[in-house]
Amino acid sequence: MQAANCKQCLLWVIATVIGIVSPEPTVRPLVINTWPFTRAAEAAWNVLELGGSALDAVEKGCTQCEIDQCDGSVGYGGSPDEYGETTLDAMIMNGNTMEAGAVANLRRIKNAIGVARAVMEYTKHTFLVGESASLFAQSMGFPSEDLTTSKSISIYSKWLDQNCQPNFRKNVIPDPLQSCGPYKPVRGLQVGKQAVIQKDVNVHHHDTIGMIAIDKAGNLAAGTSTNGATHKIPGYFRRVGDSPIIGAGAYADSAAGAAAATGDGDTMMRFLPSYQAVEYMRIGIDPSAACQKAIIRIQKYAKDFFGAIICTNITGSYGAACSKAPGFTQFHFTVFKPGIARPQEEVVDCL
């Protein structure tokens, strides 16, 4: 680790000399998370102020959002799938050891980020999915609970009344723009040169808490938690978005920086924006510029995609960027740092 830090310091000095970055004072501890989820930031900050680890802070902060059901897009009782069931995705990453744990399609368990950490600490695996993840969680002592609420039932019923609009189907019959199905694939489609990404269904149907923490010792961690896209395709192999994918939803390396993303996961996961942003910071690029470059890379293929990313380097310098989409021109995120009494909401204009 010492050698890695020395290498990073050398890269930072070189980058400063040639003008890529300017030297900045170290800010520790630090919490930054997507969206104005201030209670989550407070929960994480309380851990850091008491001398706790970045990893503990991220778990605590994301857990708070799961309890609060942040924006209806995190935790139980939100984003029902095509069968009306709420399932959860989460991941957590230790920037010191590069260990990570993730779960997807987690059923009956409310504390998804806690289960993700258990995967990291009590198994040799990285990613557990579906019923296997739920059974593992129960074996680790997590209680089995119903994730359905009156709100999620109402969302699902309204969707059925609207002929299942919007949905995530394409190239099927009957017409998914007019019918609930059941669907069958249209055979013999002509495959030609076309845009590789289609427009997102709705910018309000999938948000995530992505959180980054730096503790007093300079250790970094990152994590995510979400209940996924509303009306996502269910089944034995349910749709999984970017949130639990290491390098897509979040990434942390205590020798370079950390990043976390939110938005249209079906688009963003194809470009690993969190990993990409950290690699930009590794060579000394400013966090704001690193976030912007990660977004611009995706826009080459999906001009109007809905998404945003937060970034921080090892000094605690941070930034954010977003992609302009219909109904989404600014991105709000939360920061808690030394010198302020409560978390502050910041905003960036989308590219």
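Including glycine, each Cβ sits where the backbone N, Cα and C put it.
Here TrEMBL flags 1-23 as signal peptide.
The feature active site, nucleophile is assigned by TrEMBL to Thr208. Within the same chain, residues at least six positions away from Thr208 (active site, nucleophile) with a Cβ under 8 Å of its Cβ are Thr34, Ser73, Val74, Thr224, Ser225, Thr226, Gly241, Ser243, Gly249, Ala261, Thr262, Gly263, Gly265.
Residues or ranges marked as substrate binding site in TrEMBL: Arg239, Val240, Gly241, Asp242, Thr262, Gly263, Asp264, Gly265.
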Fewest Cβ neighbours within 10 Å, where candidates are the binding-site residues Gly241, Gly263, Gly265:
Gly241
Run through the Cβ atoms and count how many others sit within 10 Å of the one on Asp264 (substrate binding site).
28
